[in-house]
Number of protein chains: 2
Amino acid sequence: MGTPADENLLDTKEIDEKSFSSTGQAPPHAHKVGIPPKQNLFNEFKTTIKETFFADEPLRHFKDQTNRRKVVLSIEAIFPILSWSRTYNLKKFRGDLIAGLTIASLCIPQDIGYSKLAHLDPQYGLYSSFVPPLIYAVMGSSRDIAIGPVAVVSLLLGTLLSDEIDYTKHPEEYRRLAFTATFFAGITQAALGIFRLGFLIDFLSHAAIVGFMGGAAITIALQQLKGFLGIKSKNFTTKTDIVSVLHSVFHTAHHGWNWQTILIGASFLCFLLVAKFIGKKNKKYFWVPAIAPLISVVLSTFFVFITRADKQGVDIVRNIEKGINPSSVNQIYFSGEYLVKGFKIGVVAGMIALTEAVAIGRTFATMKDYQIDGNKEMVAMGAMNVVGSMTSCYVATGSFSRSAVNFMAGCQTAVSNIVMSIVVVLTLLFITPLFKYTPNAILAAIIISAVIGLIDIDAAILIWKIDKFDFIACMGAFFGVVFVSVEIGLLIAVSISFAKILLQVTRPRTAILGKIPRTAVYRNTQQYPEATKIPGVLIVRVDSAIYFSNSNYVKERILRWLMDEEEKVKGDYQTKIQFLIVEMSPVTDIDTSGIHAFEELYKSLKKRNIELVLANPGPIVIDKLYASSFADLVGEDKIFLTVADAVAYCSPKMAEEDP
Amino acid sequence: MGTPADENLLDTKEIDEKSFSSTGQAPPHAHKVGIPPKQNLFNEFKTTIKETFFADEPLRHFKDQTNRRKVVLSIEAIFPILSWSRTYNLKKFRGDLIAGLTIASLCIPQDIGYSKLAHLDPQYGLYSSFVPPLIYAVMGSSRDIAIGPVAVVSLLLGTLLSDEIDYTKHPEEYRRLAFTATFFAGITQAALGIFRLGFLIDFLSHAAIVGFMGGAAITIALQQLKGFLGIKSKNFTTKTDIVSVLHSVFHTAHHGWNWQTILIGASFLCFLLVAKFIGKKNKKYFWVPAIAPLISVVLSTFFVFITRADKQGVDIVRNIEKGINPSSVNQIYFSGEYLVKGFKIGVVAGMIALTEAVAIGRTFATMKDYQIDGNKEMVAMGAMNVVGSMTSCYVATGSFSRSAVNFMAGCQTAVSNIVMSIVVVLTLLFITPLFKYTPNAILAAIIISAVIGLIDIDAAILIWKIDKFDFIACMGAFFGVVFVSVEIGLLIAVSISFAKILLQVTRPRTAILGKIPRTAVYRNTQQYPEATKIPGVLIVRVDSAIYFSNSNYVKERILRWLMDEEEKVKGDYQTKIQFLIVEMSPVTDIDTSGIHAFEELYKSLKKRNIELVLANPGPIVIDKLYASSFADLVGEDKIFLTVADAVAYCSPKMAEEDP
């Protein structure tokens, strides 16, 4: 292949230099379309694999180092704490201490509430704020993320688990399945990181996440109505869709609601929302909403204790197991049918948890301008959940609300997570009995005020403005979650995201180009109405790689442009189309189907006496045009560096033929 | 083409000097980036839907017609025979008659053989060459396709059906399920056509089809070994993978093979292959391989009849039911578990049959330069299979080998299918008893010689040359079919095809641009090593729409290019990067995630004191940049029409700052 092609190149080079000597820019020296140096197969594969799996060059720092240093770097890569702890100092610790205490005060009441979303006893929420943050602090690379149970994952896990096991009847099996799912969530996360498949989570689009989160928030808030209104009815629906829940709520209105509960819940919800509002209005008071939940818990618990409102039907927490996490290694199902079910639930929950954590990590890394290695983060998340599943924790991840508080409270490193973790342990060891009289309505109010922040109407409006298709994905996910279930919402979100990708590659855009007056620039005539067409020449730009999925469409679309154009100039001999220039700049790649389509296009054009001319094929495309000898078919001298050059080739001919 | 290059120069000199005079470093009439006129929402949706589902403008002919004419056109659109029959004449009929007789002689022995692949009695193959071609002739728009049962679909159907029902034990149920599958195959095809989802079949890439067909051909040929070697053993494997089949074959070598059968089979296989070779060498003798199968059947039948070789253990056809297709309407399962199974099998078989038919239709339409409406073809195919399923036919589609013969025999219209159909009916009515003594080995030989043509090694080599990833898909499908099963091969083919699309959108290419000497053109420095970088300015081109699936990658890749570049110029104050120009010509679209990524990029750059400059965003992108007010963030004056303009903005500044 090599030699004949080179010869051709030399042959045409001469001609081309001549032919362009006047068409080029000021100093006459026109350029051939470059053929990149032939890579060997191994290099080609290496490059593809590198860009796919190692796009972030994780081994960049290992270059030109001694072996000893490489070992140290590897250990540091797995445990980033080793590298940043060396420069740790008292000033940083001050920031971390304040941030850690703040997020601890926020996380304790939230944990107790979220564990109820997952249908687990309250202590499991606290357990999950002890072990996972410690593991993350050692292995994670984000400095701002706050680790622990989060609302959406708790809800998702609760829904998926209770589809399999009734938690009221078999709490023991239910809990074991939860640990199993957590274990596999961790394995999934670690595997994605280790095999560098982290990019898979990018397939859940931003729009879909906005919709999904909003829907989940509403679902969670609705679920809280039971606790908030003090409904005791055992008949309260286990479904999560809005219709079933509201039906249950109003069905119990006459005999099930408890006014004392509503009074307590409503007044503290107001307090929490006001606190939130203050924090939003003035960033200086970020700590107001952060400590408001703990204050609510303390005040309401004290109030119930002295008034003994629990005797009036106000539901209270009653009992939180004292002591730190017991081992749960032997509770994980490593065989039987629950292994498979736990695995499936774990994969879904693990992916969603990752999506949230990675989004948080990236957001704050951008704010402070440091780099996060997504795949390394996943390994850290995976490790923390695997260890968590063995120490009675359920799936933990980065919490958006707590991470934001952490950031604003001035955290410096992951030490703030360690501080939080210690506070949680102290709580578990000494303070849990004090939660006995905490009314459940307060927990409901805390969860409602927390999840409201997940409903991002501004983002939805922006999505509407920018991209209507994204908006459909967003609304699909939202309504799916709200009206059907969390899983269906998720499924809709993923499906629409994929459909969008497929649509993009199946129906790429094409455009007719015209010459912008007083320049040699050719642009889309729709975008630049002043751009003028060259008589007798049709210039089409294809805006995508040409692959099997779109090759036929591209071919037929080009022919349709041609037909449209021919219709317009019908009967006018002078402007009859004689050249079709395909501007290939945006065509980044072409495959065998694409080459076929071009061959067919060439034949169709030939039948109509129209010459096919190509402008600016990229390195990969030109390589393949030669490999398939399509370049020889069209004629190498009909492949130009720019549209202007191609037009220069077509125009004089026109002039000759015109009388 | 004709005009020597030097002649061009003189003519173009004047024009080109004008057109290029303004593209220099600082264009005097710098053009603003055009913002396309705002479309309203309805129009936007309409355009998207039109391009997705009605890309071929099926209603083009209906424009500006009277209502009466529109009705006529609609009927003609559904039954193209009404429009082409008006210009039908005797000369055309002559061509069709010869072609029809030729393909009939080819199809009769093939049909009998293929029905065995589908584990059905021989007459069902003939039935399927009677009704479906008639329906197609009335509704189809391809002039060259020859309709009937084909090898690959027969094999696929046989495999899928016998996974559900054992055809040796329950032939009745098996047949009923076959009709059910055929019915749903037709429904699937028609539905794809009616809902204009025909583009879905484009997702099976050319490479995957080449591999799948090759694998299926080998599988089919292996299956024929049983008949070819005269193996009677009931223990012959029902699996189709090469290992099981060869194991069965050699296991029976001692007692199961029949030398008389092998002798007959081998000699006629040689005859058929020689005939094929002659036809290939000289296109004039295309009829030699076309009638060779019928001649083999006649000769071998006669031979067996006079020698009574069937008493020596030569297996013969024995009985083909006489008479035309009986009705099978009430044999289709419209309820019960077989409904679901039949539906699933039908969807798969229908899609594969369509893929083949559409590929054939397109190929020949290109050769004769007429247009085929893919979606209309699908409706015709669907109708013919639905009617077929009610008249004892199994899935029929376009046969590549017979279509090629049809084309070369000079067919003019679908009338050749009608001629073939009539010959088949006559065969069914009068000649079937004569097939009694036809040895099965001959049918095996005919099938082997037919499917050999499906193994397209040249295509595989070309795929290897053009695109290594395509080659993997091709080989994956091939080995999947050969070593595992037809379904697995198909699954591999589809998965790899999808993986390729996803990879493309997840990891788009980016390139560093440089200025091509003595031009104002900026191109990929890898493709044009002579292109020079502008000191202090980094120009990056992104080669894809920026969507959620790649937005993070794109952002990080741009920052990595920047880091690489900064490393190179480290310490050199004069060439410190101060501007990052993102050339956006190939960026055809951007979504909310993409805008986010750019905002993050902007922030990161700002922290490093680097200005972000955009060049040539397309109509949709510029629209969204404004909608999201990102354009205001970067500054409208930093968005340029061309890279040259952008560089002109950056360079003088550089000059000022340098002492």
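Just so it is clear, glycine is given a Cβ too, placed from its N, Cα and C backbone atoms.
Just so you know, TrEMBL annotations are computer predictions that nobody has curated.
Listed in TrEMBL for this protein:
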TRANSMEM  A:145-162  transmembrane segment
TRANSMEM  A:174-195  transmembrane segment
TRANSMEM  A:207-225  transmembrane segment
TRANSMEM  A:257-278  transmembrane segment
TRANSMEM  A:285-306  transmembrane segment
TRANSMEM  A:345-365  transmembrane segment
TRANSMEM  A:377-397  transmembrane segment
TRANSMEM  A:417-435  transmembrane segment
TRANSMEM  A:442-464  transmembrane segment
TRANSMEM  A:476-499  transmembrane segment
DOMAIN    A:527-650  domain 'STAS'
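If one looks beyond the transmembrane segment (A:476-499) by at least 6 residues along the same chain, the residues whose Cβ comes under 8 Å of a Cβ in the stretch are 155-156, 159-160, 203-205, 208-209, 211-212, 214-216, 218-219, 239-243, 348, 352. Cβ atoms under 8 Å from those of the transmembrane segment (A:285-306) belong to residues 102-103, 105-106, 108-110, 264, 268, 271-272, 275-276, 278-279, 314, 316, 405, 408-409, 434-435, 437-439, 441-442, 445-446, 449-450 of the same chain, restricted to positions at least 6 beyond its ends. A contact links the transmembrane segment (A:442-464) to the transmembrane segment (A:257-278), because at least 3 Cβ pairs that are 6 or more residues apart lie under 8 A. Across the domain 'STAS' (A:527-650), DSSP classifies residues as 62 helix, 21 strand, 41 coil. Contact check: the transmembrane segment (A:377-397) against the transmembrane segment (A:257-278) gives fewer than three Cβ pairs closer than 8 Å, residues 6 or more apart, which falls short of the contact criterion.
Taking every recorded stretch in A:145-162, A:207-225, A:345-365 and counting its Cβ pairs under 8 Å to the transmembrane segment (A:174-195), the highest total belongs to A:345-365. Taken as a whole, the domain 'STAS' (A:527-650) shows an average pLDDT of 87 in this prediction.
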